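What TrEMBL annotates here:
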DOMAIN    52-234  domain 'tRNA(Ile)-lysidine/2-thiocytidine synthase N-terminal'
BINDING   G55, A56, S57, D61, I87, G165, D170  ATP binding site
DOMAIN    279-309  domain 'Cytoplasmic tRNA 2-thiolation protein 1 C-terminal'
Amino acid sequence: MTVTCSSCDKNAILKRPKTGDALCKECFYFAFEEEVHHTIINANLFVKGETVAIGASGGKDSTVLAYVLKVLNERYKYGIKLILLSIDEGITGYRDDSLETVKRNEQQYEMPLKIVSYEELYGWTMDAIVKQIGLKNNCTFCGVFRRQALDRGAMMLNVDRIVTGHNADDIAETVIMNILRGDKARLRRCTAITTGTEGALPRSKPFKYTYEKEIVMYAYFKKLDYFSTECIYSPNAYRGFARTYIKDLEKIRPRSIIDIIHSGESLSFKKEVKMPTQGTCTRCHYISSNDICKACVLLEGLNRGLPRLGIGKTHKERRKVNK
Ligand code: SF4
Ligand code: ZN
């Protein structure tokens, strides 16, 4: 039995994961792109004349983000300049291959590309870090370094803003993880569409309400060129647990993802709850809520042969750095 598209009278070829609507390809593209456009407009994400760096890993999220932003920038005349910014963590057999994808995207989307590496910024590749610390806390190092590396790369490029491909599933996962960890400061920040406004560079997530399944579907039907292999150092067990939980909820009730994000957005904290204040690191001068930022603590641990320095009980470890 053929099903008719719920937006036009063509045959439907897919069921939209987010809404369950039966749609033809063209109507799915349009619905997907329009939702991202509305997210951008409602949050006033861009200002005409701005240069925007897209954190590009070669994976599906950032590849679809680059493609859709190019489409919307032309369709709705945002008047922004888009640049691809990639971080090379130095993971042989993974990032070197995914960067090849970004280099092809540079040609396909006619966007300039800048690659900054952990090796040039920190003197360490992830391969070397894993050799020293093993496969347990590697994602802590990688995540902290990547966050700062994106800022540093964006500053080298003199852009006005960074956008990343974090999608609704990622944000819902982060809400759950921050609840489980009792991390109030992150819980409050993680649903914000734009963060970093108090620092040098705002960072936004235009896919905040976009479902991962729809991003995969969009990339698949549009035949976009992206890299889908998992990182070889990937056992981020805690996030994996939150991810499975979200996917299970989604199976029962697709709206759960959006509902978790909305719950995160509507949480408020009593005035008495103490929140860390953002300042700058006395060593590297990038944004930090401590005197010395996490990246500098981790780096010092690596350089002193004490790689556990920044892992675990932060206060105790920071005292060691200050000695
Ligand atoms: Fe880095 Fe971990 Fe992601 Fe691999 S899985 S890129 S080590 S954060
Ligand atoms: Zn620092």
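Backbone N, Cα and C define each Cβ position, glycine as well.
Here the features listed in TrEMBL are painted onto the structure.
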residue : record           : DSSP (3 states)
G55     : ATP binding site : strand
D61     : ATP binding site : helix
I87     : ATP binding site : strand
G165    : ATP binding site : coil
D170    : ATP binding site : helix
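Cβ contacts within 10 Å of G165 (ATP binding site), excluding its own Cβ and spanning all protein chains shown: 23. Taking DSSP states H, G and I as helix and E and B as strand, the domain 'Cytoplasmic tRNA 2-thiolation protein 1 C-terminal' (279-309) has 10 helix, 4 strand, 17 coil.
Taking every pair among G55, A56, S57, D61, I87, G165, D170, the residues recorded as binding ATP, the greatest CA to CA distance is 19 Å. S57 (ATP binding site) counts 23 other C-beta atoms within 10 Å of its own C-beta, drawing on all protein chains shown. All chains included, 22 other C-beta atoms sit within 10 angstroms of the C-beta of D170 (ATP binding site).
Fewest Cβ neighbours within 10 Å among the binding-site residues A56, I87: that distinction goes to I87. Cβ neighbours of G55 (ATP binding site) (same chain, under 8 Å, six or more residues apart in sequence): S62, L85, S86, I87, L150, I162, V163, T164, G165. If you take every residue in the domain 'Cytoplasmic tRNA 2-thiolation protein 1 C-terminal' (279-309) and average the pLDDT, you get 88. Around D61 (ATP binding site), taking its Cβ as the centre, 24 other Cβ atoms fall within 10 Å, counting all chains.
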